[in-house]
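**Student:** For reference, the structure I am asking about is given below.
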Amino acid sequence: MNVVEKQIVLVGAPVDEGAGQRGCLMGPDAYRTAGLQETLQELGHSVFDHGNLSPAEVGSLTPPNRILRNYRAYVAWTRALHQKAAELGEGPGFPIYLGGDHAMAAGTVSGQARAAAALGRPLFVLWLDAHSDFHTLDSTASGNLHGTPLAFLCGLPGFDDLLGSPLEHTLKPQNVEILGVRSIDDAERNLLVSHGVGVSDMRRIDEEGIGTLLKPFLERVRAENGLLHVSLDVDFLDPSIAPAVGTTVPGGATFREAHLVMEMLHDSGLVTSLDLVELNPFLDERGKTARLMVELTGSLFGRRVFDRPTRSF
Ligand SMILES: [Mn+2]
């Protein structure tokens, strides 16, 4: 299949206040060092690197729950990223948001949702993650805000500080598919079930195959003329191939499963924006995880991993 040239915009989101340990702020530069721009250009795309964003200025805020860590930073980053994503989402470019911990998705996805609404199309979200990130500001036990963006995006209550008013363009929970989950708290499980979010855990992936699970979701996006945002968390991958994340959970997606997902997404032609999140270069082994994330992004943009010339003897 020929690669259709895309105008890709890289947006650095050095967010690290949402995670339990420091280091994700180095993520955007690790992707640059690992050759993300060059990889995409070699595939025939044009790439503009927007540089890194800064958090918005916000006044004083009282956190609704004393356990929450870096609440003000969460608000500041959400506002900045929301604004940028809402602009980019209506333009011709394909934004790739370089994280940064997963708290950043509160801004990127809400901005993309606002843009999708302006275009009159529904936004679908594929959340590739070991966790479901569906805690509310009340239900979180850790206080780490990277566990909450999906609940915010689906319109659960308690998040009005994030944009200063209730979220207008919420995601329909049934338009969200979480793939790769293997660590969910009871509070989250109850919320996911009651809201009807699509969840495929690793056991289902083992039993049914990741491609079989992804296909009906893509068909639904196509049938509804939707835009598709992909949020790829490093911990979706097995820690043996992707150690650079603060929240490793054994039993993640394999190299081939992850590439298959990206290849199917490419073939579908449906994806319109992407987050690369939770890379913590401080925990990496000689850039191995950063390089894998770049390779996976390459597959999403048309590279064939096993499409190599056969040697003749
Ligand atoms: Mn996550």
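Heads up, the Cβ atoms here are built off N, Cα and C, so glycines get one too.
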**Student:** Which candidate from HIS102, HIS266 does TrEMBL annotate alongside ASP129, HIS131, ASP133, ASP233, ASP235 at the Mn(2+) binding site?
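**Tutor:** TrEMBL names HIS102 for this Mn(2+) site.
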**Student:** Report, as a single number, how many Cβ atoms besides its own are within 10 Å of the Cβ of ASP129 (Mn(2+) binding site).
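**Tutor:** Neighbour count, Cβ to Cβ under the 10 Å cut-off: 27.
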**Student:** Are there any residues in the same chain, six or more apart in sequence, whose C-beta is under 8 angstroms from the C-beta of HIS131 (Mn(2+) binding site), and if so which?
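**Tutor:** Once residues fewer than 6 apart are set aside, HIS131 (Mn(2+) binding site) is near GLY147, VAL181, SER183, ILE184, ASP233, ASP235, THR247, VAL249.
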**Student:** Just counting, how many other CB atoms are there within 10 A of the CB of ASP133 (Mn(2+) binding site)?
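**Tutor:** Excluding its own Cβ, ASP133 (Mn(2+) binding site) sees 28 Cβ atoms within 10 Å.
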**Student:** Helix, strand or coil: which one is ASP233 (Mn(2+) binding site) in, per DSSP?
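**Tutor:** DSSP assigns ASP233 (Mn(2+) binding site) to strand.
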